[in-house]
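Student: Can you keep this structure in mind? I'll have questions shortly.
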Amino acid sequence: MELAPERAARKPEALASGVPQRLGDRVFSGVAKGAGIGILVVLAGVAIFLLIEAWPAITAPAERIPGGEGLVDYIAPLAFGTVLAAVLAAIIAVPFAVAIALFVSHYAPRRIAAGLGYVIDLLAAVPSVVYGLWGVSVLAPASRDINAWLADHVGFLPFFEGPASVTGRTMLVAGLVLAVMILPIITAIAREVFAQTPRAHEEAALALGATRWEMVRMAVLPFGRSAVISGSMLGLGRALGETMAVTIILSVSGIVTFNLISSSNPSTIAANIALDFPESSGIAINALIASGLVLFAITLAVNMAARAVINRREKKEGR
Amino acid sequence: MSQPSADVRDANATDAPLQAPLGDAATSAPAEAPANVAKSIEARDLDIYYGGFHAVAGVSMTIRPNKVTALIGSSGCGKSTFLRSLNRMHELVKGAYVDGKVELDGRDIYAAGTDPVAVRRQIGMVFQQPNPFPTMSIYDNVAAGLRLNRRKIKKPELDEVVERALRGAHLWTEVKDRLDKPGSGLSGGQQQRLCIARATAVEPDVLLMDEPCSALDPIATVAIESLIAELKERFTIVIVTHNMQQAARASDYTAFFNIERSGDPGRLVEIDETQTIFSTPASPATEAYISGRFG
Ligand SMILES: Nc1ncnc2c1ncn2[C@@H]1O[C@H](COP(=O)(O)OP(=O)(O)OP(=O)(O)O)[C@@H](O)[C@H]1O
Ligand SMILES: [Mg+2]
């Protein structure tokens with residue numbers, strides 16, 4: 001009680017000047033501000049570098065671009081392949097990630113949960129080149145029969161039109177491998193947030209006579225939804241930029257197709273740069289950098305879309 | 001205590017009288033009893049544990065149907081623990097278990113093969129902190145339990161039940177124009193009434209309330225108390241409270257819990273009609289507690 005008047009008297013002053021009172025606060029806010037500005041500077045630097053280096057390709061006549069059809073025709077299939085592989089990976093990975101995260105946070109006995117969480121985290125420590133080798137030497141051969149079956153039975157869907165690849169180095173396998181690669185990050189984020197579901201909301205559901213699964217649907221999933229979205233976007237971003245695994249696995253032919261199981265696939269921007277850069281010179285290098293600029297723009301757009309989705313949800317929920 | 005505020009009386013006046021509930025309680029009522037006979041609870045030699053810690057010992061009490069039973073006692077004596085053992089919420093804590101019997105109209109809810117989920121559908125609960133589902137609209141909050149109990153409920157019927165539950169909780173007039181807005185946008189007192197509407201919408205037999213007013217201001221408290229007096233027409237109510245006036249005002253029976261030394265389990269000292277407990281309690285410990293002389 002004695003302290004109250006003094007505190008009341010001091011508070012408005014601190015608020016009015018807007019300046020933190022303590023040294024620690026000042027240092028921290030300075031460091032935070034510096035880091036924030038630093039990141040912006042780096043980002044702008046990268047964008048400017050890409051633009052300058054891409055400029056000769058953007059202004060060059062169409063026939064000088066590799067392929068001879070101009071820059072847009074050069075990059076469009078690559079951009080398509082990039083997005084297709086990443087979206088495929090996200091579609092495969094997100095349900096698994098959510099299921100694993102739920103299992104770890106709400107179903108598994110504590111010891112199993114800890115072990116499983118650790119194993120999933122380890123997936124993130126595997127180098128991507130190893131994933132590529134695994135994909136091409138294990139998954140691809142194993143997928144041949146499945147591809148043939150898909151072509152025979154659900155071939156009416158454009159995704160499984162066939163003819164089924166005999167090597168198995170298909171977009172489907174690339175997507176699967178990418179899915180395994182982005183699984184840890186999505187799982188980690190979802191698990192973290194699911195475990196933070198307020199006890200009060202879980203108990204509210206259970207006291208209404210909800211089963212555990214109903215409780216998860218009423219309390220846990222709504223609470224974790226925006227985290228799952230942002231985690232998925234992060235995973236998507238990683239899949240968009242992933243290079244080695246796709247370079248090793250995919251047999252490419254530069255076409256635009258939704259067919260996931262044939263031997264002619266669109267390449268991705270990152271894999272294409274990795275494959276072609278060593279043998280390119282002159283304007284071809286500028287064209288590759290221009291494709292890098294497009295990848296940069298796509299990734300940025302994905303992240304901004306994720307932000308927008310989360311912000312809208314939060315506003316709608318009045319949080 | 002202050003008089004009921006104007007808005008409380010308004011809410012009472014504008015809300016339609018309660019209609020008969022849908023539940024099966026109505027059909028099993030004896031001839032001369034009121035239309036809605038709720039169920040009684042009988043605890044027999046109940047011991048409640050948190051792992052190795054013996055929290056509540058040897059409680060036997062009868063909770064009468066269509067009455068309000070208040071649980072009072074000093075902090076840490078096991079009121080919440082006992083309350084949560086009545087609808088099997090206690091066992092959600094890791095390592096927590098119960099020894100003894102709790103009978104809902106003669107049927108042991110702890111009998112082997114009894115599904116705790118089914119028990120909780122019959123015995124609803126309102127918590128100390130209002131806890132509406134933040135991502136759900138007001139409407140969906142009230143409908144949440146119904147959607148669990150009867151998956152294929154039709155929209156017009158659901159509308160009707162939601163309206164009746166909200167009217168029953170004296171909240172209808174305040175929210176009828178914004179049923180699609182999030183429940184977390186209401187005031188604390190409104191949120192607590194929303195939680196009561198949510199718990200009563202499924203027509204449970206018993207309503208357990210753990211200090212439902214402790215996060216509310218006096219006006220919202222009076223609103224909830226007058227609501228409780230109405231709700232006992234349809235439900236058996238057990239309420240934990242630290243507020244002696246509230247126990248005296250709102251309850252028919254009062255149970256006093258006490259803990260002799262710290263580390264000992266809490267015990268039921270006595271249970272009797274509220275009037276008797278507050279005028280001529282059997283135990284000196286009860287007398288000391290209600291008159292504010294602790295220890
Ligand atoms: N989750 C838990 N794990 C272990 N012990 C617990 C747990 N919850 C409560 N206890 C213990 O059980 C005893 C009874 O607690 P309880 O919450 O039932 O008391 P209460 O009478 O409701 O108190 P209050 O009036 O403060 O709410 C206390 O000693 C408490 O420390
Ligand atoms: Mg308590």
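The backbone N, Cα and C atoms fix where each Cβ goes, and this holds for glycine too.
Annotated transmembrane segment per TrEMBL: A:35-58, A:78-104, A:116-134, A:171-190, A:243-263, A:283-306, in sequence order. Taken from TrEMBL, the feature domain 'ABC transmembrane type-1' applies to A:79-306.
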Student: Go through A:35-58, A:78-104, A:171-190, A:243-263, A:283-306 and flag the stretch with the largest number of C-beta pairs under 8 Å relative to the transmembrane segment (A:116-134).
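Tutor: It is A:171-190 that shares the most Cβ pairs under 8 Å with the transmembrane segment (A:116-134).
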Student: Cβ pairs under 8 Å with the transmembrane segment (A:78-104): which stretch of A:35-58, A:171-190, A:243-263, A:283-306 has the most?
Tutor: A:171-190
Student: Among A:35-58, A:171-190, A:243-263, which stretch has the most Cβ pairs under 8 Å to the transmembrane segment (A:283-306)?
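Tutor: Going through each listed stretch, the top one turns out to be A:35-58.
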Student: Under 8 Å between C-beta atoms and at least six residues away from its ends: which parts of the chain pack against the transmembrane segment (A:171-190)?
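Tutor: That would be 81, 84-86, 88-90, 92-94, 96-98, 100-102, 104, 120-124, 128, 131-132, 134-135, 139-140, 143, 147, 224, 227-228, 230-232, 234-236, 238-239, 242, 245-246, 249-250, 259-261, 265-266.
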Student: Please report, as numbers and ranges, the same-chain residues at least 6 past the borders of the transmembrane segment (A:243-263) whose CB is under 8 Å from any CB of it.
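Tutor: The answer is 67, 76-78, 80-81, 84-85, 88, 127-129, 131-133, 135-136, 140, 147, 150-151, 158-167, 169-175, 177-178, 181, 270-275.
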